[in-house]
Amino acid sequence: MNKLVLNQVKFKFPIFLTFIHYVISWLLMAVLKAFSILPASPSSKLTRSSTLIALGTVMSLSTGLANVSLKYNSVGFYQMSKIAVTPSIVLAEFILYKKRVSCSKVLALTVVSIGVAVATVTDLQFDLFGACIALAWIVPSAVNKILWSSLQQQENWTALALMWKTTPITLLFLVALIPLLDPPGALSFDWNFNSTLAILTSAVLGFLLQWSGALALGATSAITHVVLGQFKTCVLLLGNYYLFGSNQGNTSICGAFTAIAGMSYYTYLNMKQKSSKTSSRQASSLPISRLSKENGSVNDGNYGGESVKQDT
């Protein structure tokens, strides 16, 4: 939808489009807040203001630069650039949280990345400026996902509450980016019914995408969120091929299936890790249960009788 607005509607202002998206998102959340549907924020003592400012800043860069990339590059190249986000997240999480990824998961993510690269290789249209923007987008995108995931999982933020808190900060930084990355003439754009409807539709979809993405980040992890996005790419490619007869070529189809195989293995590893953690927790509580039973059996004898008498 964003590509349609930028190319077909001729709205050549990607940062201003992002600004409109966040304004609409803020208005929709204000309506939810007015009806007391918006969840309350956790205690301000749990989260430093600098962390929220950092999140708002990287959100403006991540979303704004993504739309600039869509303006100058094809959707295929935009998807290809997402592959670099995965190793960036792994490196950033290791630097920030000393979090390590197992060799098995590295293998699965490598298969996913190769599969997505092969699947999207047929649609790689870009220019030098667009490629530079795509490279500049990688780090803010990785940090953005990590902060969204950690704030929700470690500091009890809900997706909507965090969006409500950081959107004003994001809008402020987007205003600063507009004169740097957008061409002049946004106010003289022909705001007819069709173009306005297309822009507002993309804004509503942007709000739903941000909300669902934030929910996924809170429930899983930054890396899993990237894998989910790549799964979406493969489903779209295969859906176009099998449902609409779009000839993507055998190479792209094989790449999509390869990526899905890697995603399946990655999902299996995550489920196995979660299951082992659950088992270890149950095992750690087992000695306590046995001790309770042993104490209970002892209380059936003379020592138990004395204990009851003392308590009474």
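Glycine too: its Cβ is placed from the backbone N, Cα and C atoms.
Among the features that TrEMBL reports, domain 'Sugar phosphate transporter' is placed at 1-266. The feature transmembrane segment is assigned by TrEMBL to 20-40, 76-97, 106-122, 128-148, 160-181, 193-211, 223-244, 250-269. The compositional bias 'Low complexity' annotation in TrEMBL covers 275-285. According to TrEMBL, the feature region 'Disordered' maps to 275-312.
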Non-local residues, at least 6 beyond the ends, that sit with Cβ under 8 Å of the transmembrane segment (160-181): 13-16, 18-19, 22-23, 25-26, 29, 32-33, 38-42, 52-53, 55-57, 59-61, 63-64, 68, 148, 151-152, 210-211, 214
Intrachain neighbours beyond the transmembrane segment (193-211), with Cβ under 8 angstroms and 6 or more residues off its ends: 1-2, 4-5, 8-9, 11, 17, 20-21, 23-25, 28, 159-160, 163
Stretch-averaged pLDDT - the domain 'Sugar phosphate transporter' (1-266): 88
Same-chain residues near the transmembrane segment (250-269), Cβ under 8 Å, at least 6 residues beyond its ends: 102, 104-105, 107-122, 224, 227, 230-231, 234, 237-238, 241
Residues from the same chain, set at least six apart from the ends of the transmembrane segment (223-244), whose C-beta lies under 8 A from its own: 79, 82-83, 85-86, 89-90, 93, 101, 109, 112, 115-116, 119-120, 145, 149, 213, 216-217, 252-253, 256-257, 259-260, 263, 266, 270
Cβ contacts under 8 Å made by the transmembrane segment (106-122) with residues that lie 6+ beyond its boundaries: 76-77, 79-80, 82-83, 86, 90, 223, 227, 230, 233-234, 237, 248-249, 251-263, 265-266, 269
Intrachain residues whose Cβ lies under 8 Å of the transmembrane segment (20-40), provided they are six or more past its termini: 63, 158, 160-161, 163-164, 167-168, 170-171, 174, 199-200, 202-204, 206-207, 210
